[in-house]
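*Asks:* TrEMBL lists 1-361 with the feature domain 'FMN hydroxy acid dehydrogenase'. As annotated by TrEMBL, glyoxylate binding site applies to Tyr26, Tyr131, Arg166, His256, Arg259. Sequence annotations record features per position, and here TrEMBL assigns FMN binding site to 79-81, Ser108, Gln129, Thr157, Lys232, Ser254, 287-291, 310-311. What TrEMBL lists as active site, proton acceptor is His256.
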Amino acid sequence: MSMEITNVCEYQEIAKQKLPKMIYDYYASGAEDQWTLKENRNAFSRILFRPRILIDVSNIDMTTTVLGFNISMPIMIAPTAMQKMAHPEGEYATARAASAANTIMTLSSWATSSVAEVASTGPGVRFFQLYVYKDRDVVRQLVKRAERAGFKAIVLTVDTPRLGRREADIKNRFTLPPFLTLKNFEDLDLGKMERTNDSGLASYVASQVDRSLSWKDVKWLQTITSLPIIVKGLMTAEDTRLAIQAGVAGIVVSNHGARQLDYVPATINCLEEVVKAARGQVPVFLDGGIRRGTDVFKALALGASGVFIGRPVVFALAADGEAGVRKVLQMLRDELELTMALSGCTSLKEITRNHIVTETEMPRTLSRL
């Protein structure tokens, strides 16, 4: 790469130049007016720091545990579909980069590599993202495969009873390129899910997501797997309490990268409500709009146990394959370390609500920022 990449955002422009428009738009776009897409980023800029000084920050520890697994930093990889559209190595490259950084990768069930293929890249802690299909036998088979491949948790996406309206995909008539397929569905006994050709499989699988999914199905999922279940796509205190009652192991505050319901708040603005409702009973994570180490620090200050990054991974993958994903993880890690040092925090547990100030708490003069 000729130009020195100095921050995560720069990969998006490179990806835009390299990828076919249909594929770039699929990764980049949000629902409808894309208000929430912009707000996921903008909301971070309305949270400012209250740095503490004259603290010995010569040693900074960013390690943490997630569901009992030790990782090098509170930055993990979110599930993003069809990564081989971005780069021929797709999910293989992402898995190797996550493993090298000693952090957790979440594999999308709509991946272009299977759970077994990802496991074959070598050791690493990996979670499997799941949608619930009308045919529960398909769900059972997907979960069993993930277990056999050594995946450590199920990340159940709960904000997608129907796919959000992404107008770029409608305009571009988005389809999975013919040389790719949704590998986790290959050789499954699809039963009622009669096979279509591979390019039609993606839209067919999407159409089979169960709109009747409810809390009773979360309980059902616990009867078919011993893996911990994390629910992803929750934004309110009410649903947090229901999730805890249902026995989930963790919560990801997420608006699906602003790809589902437009005009929901930025996830960073929903985080504190969820954290308060969880009352420390389960860890709360955040995804959506994380592009800087400062963003990660703000999420931790508001009570998140860690964050997941999605689009930065696919853009870096498109730009520079595995090396790109490694660099994104390294840059975010370095930026978080610097933010901690300049804020006077030497470990994650030292990052508190007092290290930040939100717009509503600022004097009127400041809030015009």
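Glycine residues also receive a Cβ, built from the backbone N, Cα and C atoms like all the rest.
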*Asks:* Looking only at C-alpha atoms, tell me how far Gln129 (FMN binding site) is from Tyr26 (glyoxylate binding site), rounded to the nearest Å.
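*Replies:* Roughly 19 Å, rounded to the nearest whole number.
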*Asks:* Output, ordered by sequence, the same-chain residues six or more apart from Tyr26 (glyoxylate binding site) with a CB under 8 Å from its CB, or 'none'.
*Replies:* Met82, Met85, Arg166, Ala168, Asp169, Asn172, Phe174
*Asks:* Roughly how many Å separate the Cα of Gly289 (FMN binding site) from that of His256 (glyoxylate binding site), to the nearest whole number?
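*Replies:* So the Cα of His256 (glyoxylate binding site) lies 11 Å away from that of Gly289 (FMN binding site).
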*Asks:* Glyoxylate site residues Tyr26, Tyr131, Arg166, His256, Arg259: biggest Cα-Cα distance, Å?
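*Replies:* If we measure all Cα pairs in Tyr26, Tyr131, Arg166, His256, Arg259, the largest is 19 Å.
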*Asks:* Run through Ala81, Arg291, Arg311 for me and report the binding-site residues whose CA is within 10 Å of the CA of His256 (glyoxylate binding site), in sequence order.
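*Replies:* Within 10 Å of His256 (glyoxylate binding site): none of them.
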*Asks:* Note down the number of other Cβ atoms within 10 Å of the Cβ of Gly289 (FMN binding site), including every protein chain shown.
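*Replies:* I count 27 other Cβ atoms within 10 Å of it.
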*Asks:* Looking only at Cβ atoms, how many others are within 10 Å of the one on Arg291 (FMN binding site)?
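*Replies:* For Arg291 (FMN binding site), the 10 Å Cβ neighbour count is 22.
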*Asks:* Run through the Cβ atoms and count how many others sit within 10 Å of the one on Lys232 (FMN binding site).
*Replies:* 25
*Asks:* Would you mind reading off the Cα separation of Tyr131 (glyoxylate binding site) from Lys232 (FMN binding site), to the nearest angstrom?
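*Replies:* Rounded to a whole number, the Cα-Cα distance is 10 Å.
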*Asks:* In sequence order, which same-chain residues at least six apart have a C-beta under 8 angstroms from Arg311 (FMN binding site)?
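*Replies:* Once residues fewer than 6 apart are set aside, Arg311 (FMN binding site) is near Gln12, Tyr27, Ala28, Thr80, Gly257.
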